[in-house]
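Have a look at the structure below, then the notes.
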């Protein structure tokens with residue numbers, strides 16, 4: 001079995017967690033669209049050539065969809081009541097690639113694969129492809145064989161041990177958007193207590209919270225998501241968030257000057273923003289978490305999340321394992337199955 005095949009089977013070990021929803025199955029399309037994963041992967045590999053940030057964008061779409069009434073692709077719908085145009089989603093992107101995946105799947109398997117499953121698959125495969133690209137970078141750019149071997153083992157371990165097990169599928173698409181529910185999407189400004197309560201309401205525990213927050217190991221955020229930490233923390237003019245590393249705060253002030261363009265994009269991980277690794281947790285230990293909600297995972301005294309951050313910072317394998325399990329759990333939030341919902345022909349509109 002090639003390393004690529006193993007890496008693209010991202011969530012094998014998390015299947016035990018996903019089994020709680022019996023109507024979702026990793027083999028759901030085995031007969032009706034057996035090449036669904038390879039088709040999605042092919043489109044994503046092409047998309048990455050045009051946009052190096054596409055993988056974190058697609059993972060974010062899956063998050064934002066699942067956190068509003070469940071994983072039902074309601075985020076993708078256009079219209080006056082669209083979730084896309086609600087404030088928490090104004091910075092989301094990657095919709096055109098979802099359209100490309102849908103077009104490719106409709107050619108191969110007409111009226112079979114839901115847009116909700118496309119979001120789940122796109123997120124899973126995006127993470128596995130980033131891990132694969134990191135491995136290739138090490139092979140060609142780093143000399144010590146030990147470094148390559150360690151990352152290869154971690155990527156393979158993260159991926160699972162067999163190539164025929166993937167993310168549970170079988171979701172159907174919502175016929176309505178849920179704009180009124182977009183307030184449940186974390187903005188980056190919440191206290192740890194509030195965001196933990198939100199996750200708990202979705203059957204996600206503290207380990208899930210920290211693991212899923214680790215997706216911020218790659219991608220970017222707008223200045224608007226954290227500029228208050230630099231100039232107006234807790235609504236005190238001129239105050240900098242005391243949990244923010246002073247040197248890092250100075251750098252961020254240069255990148256996001258007061259009164260500047262709040263739509264400017266800043267790397268969530270200043271060192272490895274294009275790779276999926278555990279550097280995010282090292283950043284939190286050094287008070288270099290970009291978003292307030294991220295840094296509070298480590299800086300909130302007495303919080304159980306502190307020990308989890310430390311564990312993931314010291315073990316990338318433990319992070320990978322917990323992230324895979326948490327993604328499966330999140331993907332099981334209120335899916336439409338059976339005769340509920342529909343299989344959209346166009347992800348942007350109902351049939």
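Just so it is clear, glycine is given a Cβ too, placed from its N, Cα and C backbone atoms.
The Cβ of residue 64 (active site, proton acceptor) has 22 neighbouring Cβ atoms from other residues within 10 Å, across all protein chains displayed. Residues or ranges marked as active site, proton acceptor by TrEMBL: 64.
Look at TrEMBL and you will find 65, 68, 70, 72, 74, 83 tagged as Ca(2+) 1 binding site. The Cβ neighbour count for residue 70 (Ca(2+) 1 binding site), using a 10 Å radius over every protein chain in view, is 22.
According to TrEMBL, the heme b binding site annotation covers 216. Residue 216 (heme b binding site) counts 23 other C-beta atoms within 10 Å of its own C-beta, drawing on all protein chains shown.
The feature Ca(2+) 2 binding site is assigned by TrEMBL to 217, 269, 272, 277. Sequence-distant neighbours of residue 269 (Ca(2+) 2 binding site): residues of the same chain at least 6 apart with a C-beta under 8 Å from its C-beta are 216, 217, 218, 279, 280, 283.
Among the features that TrEMBL reports, disulfide bond is placed at 33-109 (among others). Around the Cβ of residue 109 (disulfide bond), the same chain contributes 29, 32, 33, 36, each under 8 angstroms and 6 or more positions distant in sequence.
Per TrEMBL, disulfide bond is recorded for 66-71 (among others).
Residues or ranges marked as disulfide bond in TrEMBL: 115-347 (among others).
Per TrEMBL, disulfide bond is recorded for 223-256 (among others). Using a 10 Å Cβ-Cβ cutoff, residue 256 (disulfide bond) registers 22 neighbours.
Note on the domain 'Plant heme peroxidase family profile' (23-351): its mean pLDDT in the predicted model is 89. Feature annotation from TrEMBL assigns domain 'Plant heme peroxidase family profile' to 23-351.
According to TrEMBL, the signal peptide annotation covers 1-22.
On its own chain, residue 60 (site 'Transition state stabilizer') has 92, 94, 215, 219 as residues at least 6 apart in sequence with a Cβ closer than 8 Å to its own Cβ. Annotated site 'Transition state stabilizer' per TrEMBL: 60, in sequence order.
Among the features that TrEMBL reports, transmembrane segment is placed at 118-142.
Most Cβ neighbours within 10 Å among the recorded positions 66, 68, 71, 115: this distinction goes to 115.
For residue 65 (Ca(2+) 1 binding site), other Cβ atoms within 10 Å of its Cβ number 30. Set side by side, the disulfide-bonded residues 33, 223, 347 differ in how many other CB atoms lie within 10 angstroms of their CB, and the most is found at 347. Considering other CB atoms within 10 Å as the measure, the emptiest surroundings among the binding-site residues 72, 83 are those of 83. Taking 68, 74, 83, 277 as the binding-site residues under consideration, the smallest Cα distance to residue 347 (disulfide bond) is found for 74.
Taking a C-beta cut-off of under 8 Å and a sequence gap of six or more, residue 272 (Ca(2+) 2 binding site) has these contacts in its own chain: 217, 218, 279.
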